[in-house]
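Colleague: OK, Swiss-Prot features for this one:
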- 166-173, 191-195, 213-216, 284-287, 315-317: GTP binding site (BINDING)
- S173, T193: Mg(2+) binding site (BINDING)
- 1-159: domain 'Obg' (DOMAIN)
- 160-334: domain 'OBG-type G' (DOMAIN)
Amino acid sequence: MKYIDEAIIHVIAGKGGDGVAAFRREKYIPKGGPSGGDGGRGGSIYAMADRNINTLVDYRFARIHRAKNGENGQGSDRYGKSAHDIVLRMPVGTVITNEATGERVADLVQHDQKILLAKGGTGGLGNLHFKSSTNRTPRQFTLGEPGEEADLKLELKVLADVGLLGMPNAGKSTLIRAISAARPKVADYPFTTMHPALGVVRVDQNRSFVMADIPGLIEGAAEGAGLGHRFLKHLARTRLLLHVVDIAPLDEAIDPVYEAKAILEELRKYDEALYRKPRWLVLNKVDLLPENEREKICKKFIRSLRWKDKNFAISAMTGDGCKELTYAIMEFLERESMDENQERATFAEPDTSD
């Protein structure tokens, strides 16, 4: 299935049914009172998060979603039938924005989360509501109200704890295959990964985290070059970024330090908030370096890059260093969660001082 992470849809809620002016016409009651019923409610349109859906492809090709109108009221006090609501199922992680105003309508972050997109119109009133002591035969009734209508932008941002970024062929897909059950395509040519891949990394029976792999970045990505710029938004929700670098490129003309700096610059130009996220350096393919020179080459690279944060030397192909990396990630995420919980508890603690 083609991966689609953006779509624009037009939603039209149903109009409320009209009320009606009618009178009782029964044998032996020549002047019956008003009996016009109300119109039914128009159908509303909802969005619901569904963890079994992972693309917005259905909404790229079916753009208009219209709920039915409520039925009109009838005589003999019969109310019009309300229309059924429509529920649009979308992937967890979908952000919904009003195209006209730019206002965020919803952020679907939990399975079965349900949000109203367009409210159906209220049904009109029949003439039985207008009877009074001075007006026994009212002919007034009201029309049903129109339903809400809007153009909405749908944007999927995957929910992951950890995001991988790096140049094409840095070994990101091999890494996520090595430590999770995800099976992205792996090959010896650039841009093998064409869309985000998610993998659940299980550290032990009770602990796990979700990792996201996106297409590799190239220089100029922030201005639209390559594929990765389209998918950088999928790293927005992550709590930790892993900058994966091919420390042993087969092409001697490639400078890993230059490429690593280029990635950091693209990240900074794309989104300052994303650039400021916690970020670790992962030097991949150390198995291709001479064993007696690995440590020296890695240290030289870190000095040249002026890297101050955490770094790991691994081989995603052989698994060397991967276990240590996954445990370090899990510990970091657990500390982050504890700190967040403490902050919330401190914020919520009532002030008992006089």
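Every residue, even glycine, has its Cβ placed from backbone N, Cα and C.
Let's see these features in context: how buried, what's close, how far.
Modeller: Counting every protein chain shown, the Cβ of S173 (Mg(2+) binding site) has 25 other Cβ atoms within 10 Å.
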Colleague: Sequence gap of 6 or more, C-beta under 8 Å: which same-chain residues meet both conditions with respect to S315 (GTP binding site)?
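Modeller: Non-local contacts for S315 (GTP binding site): N284, K285, V286, D287, G321, C322.
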Colleague: K172 (GTP binding site) has how many other Cβ neighbours within 10 Å of its own Cβ?
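Modeller: Neighbour count, Cβ to Cβ under the 10 Å cut-off: 32.
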